[in-house]
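Novice: My questions all concern the structure below.
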Amino acid sequence: MTESITTHLPKLADQLGTTITIGGKSIANRLWLAPMAGLTHSAFRQVLAHYGSCGLAFTEMCSARAVPTENPRISPVFSWHEWELPSLVCQIVGAEPEEMVIAAERVEREGFFGVDINMGCSARGMIKREAGAALLKTPEKAVAIVEAVRKAVSIPVFVKFRTGWSKEIGPAVALAKDLEAAGADCLVFHPRVAPDKRTRPPYIDHIRYIKKAVSIPVFGNGDVTTPQHCQNMLERTGCDGISIGRMAVARPWIFAQWTTGFTPDDNIFQDYILRLATALEQEFDPIRGIKRFKLFMAYFAANFRFGHSLQAKFATAKTMDDVRRLAMEHIKPDMQLSPTPNMSLYNL
């Protein structure tokens with residue numbers, strides 16, 4: 001590569017590389033994989049595990065209505081490998097305490113590390129169902145869900161939530177206190193308002209207010225793309241750790257980089273694509289597999305100065321053999337990296 005693909009900050013590794021206890025369970029480090037629809041499925045997590053050092057991984061968002069009857073052998077989202085379970089959290093989304101309890105009980109029976117309650121998704125479908133970020137409009141229902149789930153399961157209960165529906169931090173602070181009182185073991189906070197698109201920067205300092213309001217661990221999330229961004233979030237907010245999403249998809253070895261000082265070699269981008277192709281081939285049928293691969297390409301291509309061109313080349317792939325051929329032909333050590341991701345590709 002023509003630019004360094006690692007900027008290791010020893011202080012960052014010291015901050016992120018320490019253990020943390022959530023709900024009485026120990027986690028190896030403080031850098032976690034955020035849940036992302038269509039992306040954090042079992043195939044990607046298999047590749048992620050190869051590079052190592054992800055403290056805790058979260059599944060894709062799973063519908064609480066579907067989880068009780070889902071078949072992991074065929075479900076595209078509610079599926080896993082047994083070896084993942086000690087450090088895998090299942091995220092569920094729903095609108096009513098009763099459905100969330102039944103889903104959480106299934107999650108516990110299957111042996112997941114914990115259950116994560118989604119109060120952050122602002123997709124139109126979720127809002128129409130009064131789930132996800134819509135729960136921030138009815139905090140009493142949000143709290144009732146956490147309280148009901150807490151009473152139903154013994155595994156750690158996480159809550160992922162946003163600032164709310166306006167940039168005023170007061171309601172989010174009040175909700176954080178109530179979520180803790182209801183029994184949440186950890187809060188993962190994304191400091192954007194629900195209507196915001198990703199092109200608007202997050203209100204990083206909002207994380208500090210949430211952290212000060214509660215005694216349980218608080219993890220920050222949102223636009224962490226460099227070691228400097230990560231360290232800035234930790235130091236400005238006092239949060240207990242970081243949950244990363246899109247950057248983890250772009251460079252899944254980032255967990256090892258930031259927590260242990262791992263230095264990837266120049267072939268790691270090609271290695272990633274080849275491993276991902278194999279994992280998708282193993283986990284999905286050919287049509288689903290290639291569709292999911294193309295979701296990844298926007299994030300992967302954002303690594304490079306000429307990412308649009310690279311993405312266009314891979315858009316022609318019809319099979320995983322095409323993907324492998326294109327990877328061997330076009331992903332080379334001398335490609336020009338962007339210092340930070342190309343946001344025009346990255347903001348999907």
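Even glycines carry a Cβ here, placed using N, Cα and C.
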Novice: Going by TrEMBL, PRO35, MET36, ALA37, GLN91, HIS190, GLY245, ARG246 bind FMN; tell me which of LYS11, LYS160, LYS167 is listed for that site too.
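Specialist: So, going by the record in TrEMBL, that would be LYS160.
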Novice: For GLY245 (FMN binding site) and CYS121 (active site, proton donor), what Cα-Cα distance in Å is obtained after rounding to a whole number?
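Specialist: Cα to Cα, GLY245 (FMN binding site) and CYS121 (active site, proton donor) are separated by 14 Å.
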Novice: Rounded to the nearest angstrom, how far is the Cα of CYS121 (active site, proton donor) from the Cα of ALA37 (FMN binding site)?
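Specialist: Cα of ALA37 (FMN binding site) to Cα of CYS121 (active site, proton donor) measures 10 Å after rounding.
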Novice: With an 8 Å cut-off on Cβ-Cβ distance and a minimum sequence separation of at least 6, pull the same-chain contacts of CYS121 (active site, proton donor), or say none.
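Specialist: The list for CYS121 (active site, proton donor) reads ALA37, MET61, VAL93, ALA131, GLY132, ALA133, given in order along the sequence.
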